[in-house]
């Protein structure tokens, strides 16, 4: 049935499968095209900065690099396919395309949530438990990063093999979890995803950043040398950047979670069409505001970006080894990531 529906003409889909007019589709398509271009360009610049300046290749930034990869993945696949379908007036890429599109968006989205959790754990171990942080090696960070990617892959594959399903949303121009079919399979999948990939990560992040904040307050009020204050200033920059990213993650994914919860415990037919399209758009929005957060909240990254635009081949960034926490700030080297 879904395959047949996806094969219908643009006109019939606009009448039967989409709750939006073509003008509304065009507005969404314009947004997607602009946001996609900004996201791809900005995240490529982010990767270029990390590649160019070895001073930025720290364990925490290795996680940020992977976040940039997830953003590029959504921008290069999710935005173009959805924009093309909006311009067409209905889903343009058939049943297989729907599965690939929705699966990749869930894959990159869940991976980014996992990576943000890893950043929070890294900040906690680096600042609050430096003795543990010192023992974290290349394999430790690789394992944490791979865990985030594997988690994303698992939840992306489940609807394809039968736990819930992917289908076009009410606009008919994008594919996602089929929340209009709120059967037992959908409800169990949705509740598990929200618990494991929303509630648990937020709990871990809150715990980590709460204790990080206490540690930073303690050290900033103590009588420290200038070099110690400089090291803590760097740590505060990285932590501030991480906290802003978490807050924006909450803003981005909350509408989508609300839609899924509404569909699970209420009547999916009563979900307002604007909310149905705003939810996935919000979820994708982190792809273009994350690079802005790196620039605004991190002085080292900001200096590196300016240096790259000035075509400087090397940027002087003093790396200190005074504090135990320097494990998470030293450039990547053999034996450490």
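Residue positions begin at 1 at the first shown residue.
Cβ atoms are placed via backbone N, Cα and C, with glycine included.
As recorded in Swiss-Prot:
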TOPO_DOM  1-26  topological domain 'Extracellular'
CARBOHYD  8  N-linked glycosylation site
TRANSMEM  27-49  transmembrane segment
TOPO_DOM  50-61  topological domain 'Cytoplasmic'
TRANSMEM  62-87  transmembrane segment
TOPO_DOM  88-101  topological domain 'Extracellular'
DISULFID  98-175  disulfide bond
TRANSMEM  102-121  transmembrane segment
TOPO_DOM  122-140  topological domain 'Cytoplasmic'
TRANSMEM  141-164  transmembrane segment
TOPO_DOM  165-188  topological domain 'Extracellular'
TRANSMEM  189-212  transmembrane segment
TOPO_DOM  213-240  topological domain 'Cytoplasmic'
TRANSMEM  241-264  transmembrane segment
TOPO_DOM  265-272  topological domain 'Extracellular'
TRANSMEM  273-297  transmembrane segment
MOD_RES   284  N6-(retinylidene)lysine
TOPO_DOM  298-337  topological domain 'Cytoplasmic'
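What Swiss-Prot annotates, mapped onto the structure for a quick look.
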residue : record                  : DSSP (3 states)
98      : disulfide bond          : helix
175     : disulfide bond          : strand
284     : N6-(retinylidene)lysine : helix
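Counting Cβ pairs under 8 Å to the transmembrane segment (241-264), the top-ranked stretch among 27-49, 62-87, 102-121, 141-164, 189-212 is 189-212. Listed as Cβ neighbours of the transmembrane segment (102-121) (distance under 8 Å, sequence separation of 6 or more from its ends, same chain) are residues 60, 63-64, 66-67, 70-71, 73-74, 77-78, 144-145, 147-149, 151-153, 155-157, 159-160, 166, 175-177, 193, 197-198, 201, 204-205, 208-209, 242, 245-246, 249, 253, 280, 283-284, 286. Rounded to a whole value, the Cα-Cα separation of residue 284 (N6-(retinylidene)lysine) and residue 175 (disulfide bond) is 13 Å. Counting residues 6+ beyond its ends, the transmembrane segment (27-49) has Cβ neighbours under 8 Å at 20, 56, 64-65, 68-69, 71-72, 74-76, 79-80, 82-84, 86-87, 171, 173, 277, 281, 284-285, 287-288, 290-292, 294, 301, 304-305, 308 in the same chain. Counting only same-chain residues six or more apart in sequence, the Cβ atoms lying under 8 angstroms from the Cβ of residue 175 (disulfide bond) belong to 91, 97, 98, 99, 101, 102, 166, 167, 168, 169. A 10 Å cutoff on Cβ-Cβ distances gives residue 98 (disulfide bond) a total of 25 other Cβ atoms nearby, all chains included. Around residue 284 (N6-(retinylidene)lysine), taking its Cβ as the centre, 24 other Cβ atoms fall within 10 Å, counting all chains.
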